[in-house]
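Marked as transmembrane segment by TrEMBL: 7-29. Marked as domain 'Alpha/beta hydrolase fold-3' by TrEMBL: 116-275, 320-386. Residues or ranges marked as active site by TrEMBL: 194, 355, 385.
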């Protein structure tokens, strides 16, 4: 009798736990998402991790960001990278001008091979080249070129411009000395996703403008890139805010604030302020910089948000603007702030339909084309932020991510053959 009672109690407790986890992890997905079952599982995992971090913060175990860093450090890869065990790609670690890199060379690559210098995402704050091992390995394997994954220094310890300077140092080094690594210096491109896409765009801008005598970049690959922090009320920010937990407006604003060098202790305030566009004075909204990110550069169907924007509750903060006014319009921080986009290398841009960063990717694509740059624009129908990355098990990899990944590889392969 007692055993049966204990069993029933245990079943009830387990049922409550399962129901509670299901409620915490459930994400109502926007209509049109590809592979809703896979996406729901992936988003559920993300929400569960986020919930654990919030619980730690609630009980006084540091800020949300610090707890995420603790989790990341606890799963940091050591020793031989998993991709090296496949045997079909040589994986080596190097230090270039004090910046660690991981070099992936397919066994079947040319003796003197094209290459892509890749910058990982993570809001300039999280992730490492090690974390991207599977993604960069697969890029190298599928394109049959060398991929150099850069482990640049990150905010908040190293805010702008340190991360982009690290990326520039490495890229310049391989443009000058690539032959020592069996790399064709006339066929080197840059690539990156999210914040890494920002770094790739910034590197391409800097190298195109400077007169260094180095070979020109062959291409740039920008995957759901961060391209500005001027306007966080674009239609995609309004429509996608909080609908896809992997990247919300507040999270993106928090990353921006840390990369800008604002105090980490006040990140929540800065993310609130920036998410409501109160970090920029009203007169700047009619300046040339506002034109650079204008919705007029979007296709007509995307110029107006489908949802009503949340009410603005913050007030403009002059002190914050004084701290960031020079950086916020610096093209190395916000590539969309560049008045001149001519001469940039052939570009691949991947924008995800359900991503707060969707609109700035489309605006950049339009402005590049207007400047005479060859652009291959891939609109990820049904896709969401980071869908292309190879981090989760393959059974969680969405169809939109598979299609986008294939499109990137086809682009790179075609460009380096010319």
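FYI, residue positions are counted from 1 along the chain as it appears here.
A Cβ is built for glycine as well, from the same backbone N, Cα and C atoms used for every other residue.
Unlike curated entries, TrEMBL annotations are predicted automatically.
Counting only same-chain residues six or more apart in sequence, the Cβ atoms lying under 8 angstroms from the Cβ of residue 194 (active site) belong to 121, 122, 123, 223, 224, 225, 226, 247, 357, 385, 386. For residue 355 (active site), other Cβ atoms within 10 Å of its Cβ number 25. Within the model, the domain 'Alpha/beta hydrolase fold-3' (116-275) carries an average pLDDT of 95.
The 10 Å shell around the Cβ of residue 385 (active site) contains 25 further Cβ atoms across the protein chains shown.
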